[in-house]
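Taken verbatim from TrEMBL:
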| type | residues | note |
| --- | --- | --- |
| ACT_SITE | H336 | active site, proton acceptor |
| BINDING | K412, K416, S417, Q418, K419, M420, S421, P422, D423, S446, R494, Q545 | CoA binding site |
| BINDING | Y442, S444, T455 | (R)-carnitine binding site |
| DOMAIN | 31-598 | domain 'Choline/carnitine acyltransferase' |
Amino acid sequence: RKNLITCCITPVSVTRIAGRYLAHQEGLPKLPVPPLQQTCERYLTALTPIVDPEELNHTRQLLEEFQKPGGVGDRLQKGLEQRAKKMENWLSDWWLQTAYLDYRMPVVIHSSPGVILPRTEFSDRQGQMRYAAKLIAGVLDFKSMIDNETLPVEYLGGKSLCMNQYYQVLSSCRIPGTKRDNVVNYALDKRPPTHITVVHNFQFFVLDVYNSDGTPLTVDQIYIQLEKIWNSSLQSNKEPIGILTSNHRNSWGKAYNNLIKDKTNKESVRAIQKSIFTVCLDAPMPRASDDMYRTRAGVQMLHGGGSRWNSGNRWFDKTLQFIIGEDGTCGLIYEHAPAEGPPIVSLIDHVVEYMKSSEMVRTPMVPLRMPQKLRFNITPEIKKDIEEAKQNMNIMVHDLDMKVSVFSHFGKDFPKSQKMSPDAFIQVALQLAIYKRCCPTYESASLRMFRLGRTDTIRSTSIDSAKFVKAMDDPARHNTEKVALLDKAVKAHRAYTDMAIRGQAIDRHLLGLKLQAIEDLAALPEIFMDTSYAVARHFNLSTSQVPAKTDCVMCFGPVVPDGYGVCYNPMDAHINFAVSAFNSCQDTNATRLAQALEDALLDMKTLLEQTPKAKL
């Protein structure tokens, strides 16, 4: 994948203070363009542990040539600086295009993250409906803060953060194209949408969630409407039209143009795209043992289990889809183009709290309109597209190797007791877990200190992490030495994190220089054709910390065929992990990495506890 995208928040705690959106946004600084020489030096440092010395030497020479005064790098840097002066954010449009909209692999597994919510026990179908009704009311409650601009502004290290992404996740949808997609946000319409879509047994319904006076429906009213939907979609043999959205983007783009030639289909598709969000009422999945439950829930959120199960009970282009299984498996999946993880997690935390306090109150019986079933005319050609999408989905389902686990020995509490950053501690443990190969590792850093900021890359594989990992494997090294190296590795990660969130990391700057070259020059500079550049961007380990108050965990697929995806939510006394890999790669195994990670965390704790403090 060209540019790695994950869901991510920066590993620092965020506080919230109420404030008005637009006035706040205008006060935010613009994303800087880092100095060219600084990026070239930091790039060489980042390459040191992951490429061989000969290759590194070759890259060093290319970089010396590239950054000569008046040379190619200098020209591109000036072009970037000009772009930064003219635009609100020199990177955000480019990033949206290259990382998401130009990316042609299916959004399922390859791009869209899932979130597993705490397990719920529904004793009956009514339990599923009650849960869904409360959840919908909770999302509408969050939406009212967005609509009234009373959403509390978030702060990171005393600096306010860009809140733009919160305004992109509701009433938005990705639209496929045959070469490139786009994203439409209907919240900006003169008459913003007032309906959600509900899908059950592959059948889509429009559910109006506001009364004519603009007040949202109560939990009780939503429940009554969901019952009507359920009772009018009992047939389970309908064509799963939604599975089309899981296909390769070019194939789906072609099928989409064919699908919407029909007026009825076009209107139905538009109703889904315009909806505030989608609720998927899923059929139960095959039962899993308790220790496998979370893993099975993770794959249900990511892909639905295949065409036999719930993969057709989705519209994967929709930004937000809440999944509520008849068997109590709940969570969501979101389309990644408009936003990263933090706004999604804030919404989840709000909804989970809301659901605890909200009780179903009997409402005066105002007759409510029957939710509208969306009709699709399925031609033989559309039927063929559905069959192809089903086959491709089932291949993806069989290829995904997943392990979701709870590390129960400690959480944020232990690293904090050692005066270490919990995120840096976990990242160093990951390097130890995968120690057989020093590989390019990506962790997302938020650029939300800047207007319209998205992410940059924290490169977790460092010279210091490599030294620590090597020492851990060497019986001749004393514990005090190992502890000193661990401390240094953790501090190096923390320093890279701080550099990244201040807009001084290297990956987006290098991308900007490359895209500037594509616009300005006849040929791409050699540093972008260099083997080191290809190696550096082949992230065998794609990771993200997504902290939440809720005991949930986010999950996503690897970004390269021979890689891992690792997402984690560190709670006070435990850590939720989701590890993914591909079965088609002989060298990767999600369960094995999850176990190695557990061992690494325990080894690091033992090391710190067994080494007398006085000798540090």
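For all residues, glycine too, the Cβ spot is worked out from N, Cα and C.
From a predicted model like this one, the values you see are computed outputs, not experimental measurements.
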Surrounding CB atoms that lie within 10 Å of the CB of S417 (CoA binding site), all protein chains: 10
Separation of alpha carbons, S444 ((R)-carnitine binding site) and R494 (CoA binding site) (Å): 13
Between S417 (CoA binding site) and S444 ((R)-carnitine binding site), the C-alpha gap once rounded to whole angstrom: 25
For CoA: widest Cα to Cα gap among K412, K416, S417, Q418, K419, M420, S421, P422, D423, S446, R494, Q545 in Å: 26
Fewest other Cβ within 10 angstroms of its own Cβ, chosen from the binding-site residues S421, S444, T455: S421
Most crowded position, judged by CB atoms within 10 A, among H336, K412, K419, R494 as recorded positions: H336
Cα-to-Cα gap, D423 (CoA binding site) vs S444 ((R)-carnitine binding site), nearest whole Å: 12
Integer Cα-Cα distance in angstrom, K412 (CoA binding site) to S444 ((R)-carnitine binding site): 19
Taken over the domain 'Choline/carnitine acyltransferase' (31-598), the model's mean pLDDT: 93
Cα-Cα distance linking T455 ((R)-carnitine binding site) and H336 (active site, proton acceptor), given in Å to the nearest integer: 12
Distance [Cα-Cα, Å, rounded] between S421 (CoA binding site) and S444 ((R)-carnitine binding site): 16
All-chain count of other Cβ atoms within 10 Å of Y442 ((R)-carnitine binding site): 27
(R)-carnitine binding residues Y442, S444, T455: largest Cα-Cα distance, in Å and rounded to whole number: 11
